[in-house]
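Report on the following structure.
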Amino acid sequence: MREPGAPRVEVGDGEDLVPDGAESLVRAAADEPERAAEAALRPRRLEEFVGQRVVRDQLSLVLQAALGRGRAPDHVLLSGPPGLGKTTLAMIIAAELGASLRVTSGPAIQHAGDLAAVLSSLEEGEVLFIDEIHRLARPAEELLYVAMEDFRVDVVVGKGAGASAIPLSLPPFTVVGATTRAGLLPAPLRDRFGFTGHLDFYADDELERVLVRSAGLLDVPLEAAAAAEIASRSRGTPRIANRLLRRVRDWAQVRGDGTLSLAAARSALDVYEVDVRGLDRLDRAVLDALCRRFGGGPVGLTTLAVAVGEEPETVETVAEPFLVREGLVGRTARGRVALPPAWEHLGLPVPAGSDTLFG
Ligand SMILES: Nc1ncnc2c1ncn2[C@@H]1O[C@H](COP(=O)(O)OP(=O)(O)OP(=O)(O)O)[C@@H](O)[C@H]1O
């Protein structure tokens, strides 16, 4: 029997409990060339995962305890800006548990029925990775948190007065959710995660270790000074560090002697317009709009996003966290403001009082 308040999944009025095509929602993570290049560099085990010491230690305890008990661990939520290793950690969690991993994402699940199909096909102990979990539709979200808590989905067959709910029990499994915007997750869903790890930007020396490891895997000679240069221009983000490494390798192969030296790194990063602070085109466009167009702000996120031709979410989750961390941009109740280092970075005079706009 369906308990009052439990979510229902409408999957049509016949025997078709599992919608066609739902299996295709469980997609492989590496399906494009850039993703494939990334996948080759992913650490496979927790001990290979560089940095994020606190999250790594905490996670290691959760996993070891679960393995010791022979039970699936608590559900895990990973939050933080893009490219810091959430997907990598989800894969590591499955590998450490010796479990298989299913991958889907909030936007790929259009209807609660799609999620019911994925959940009902899970096998005992499997890890279900839901990327961008904050983008799940509300009915899917409600279905998910009952499944996470009670290991059950209620499938509603039929319509109107003749409808009946068939509770389907699920084997124990672990959800790993990833989000760039933990604040958008409704409390009931957030509360179902027994462990939440927040990933923060990496320090330069950690990125150097990521680069040295990647250069070893790619079998390219990377000089220490070049590693330091690439690390310092990688926005605290391993994905960017690895991407820049591949571009420096291209430059060294085509215009240099194959060695990734400091000179090769600098020349390549100039070609790709990555500036000395690691800011890319979008970052600079945001600073430029803030300072030149809006006189330093405050300006609302949507207006700023329109000015740089991007979605507000992209500006907020991709550019802004790093600009804020670098002390270039401030967030105030009235909008975004340019801080003195932003003006200096653009080579513009710092307007009087721009440091007091913040707060
Ligand atoms: N701690 C780390 N040590 C070594 N390499 C890492 C680490 N974290 C991430 N990487 C590398 O960075 C790349 C991007 O990581 P990943 O795809 O896990 O990021 P993400 O946080 O899931 O990003 P998104 O939210 O955009 O999907 C991976 O290919 C991996 O090689």
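For all residues, glycine too, the Cβ spot is worked out from N, Cα and C.
Unlike curated entries, TrEMBL annotations are predicted automatically.
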Residue among R53, R192, R249 sharing the ATP site, where TrEMBL lists L41, R42, G83, K86, T87, T88, E149, D150, F151, Y202, R239 as binders: R192
Model confidence over the region 'Small ATPAse domain (RuvB-S)' (203-273) (mean pLDDT, whole number): 95
Local Cβ density at T87 (Mg(2+) binding site) - other Cβ atoms counted within 10 Å: 24
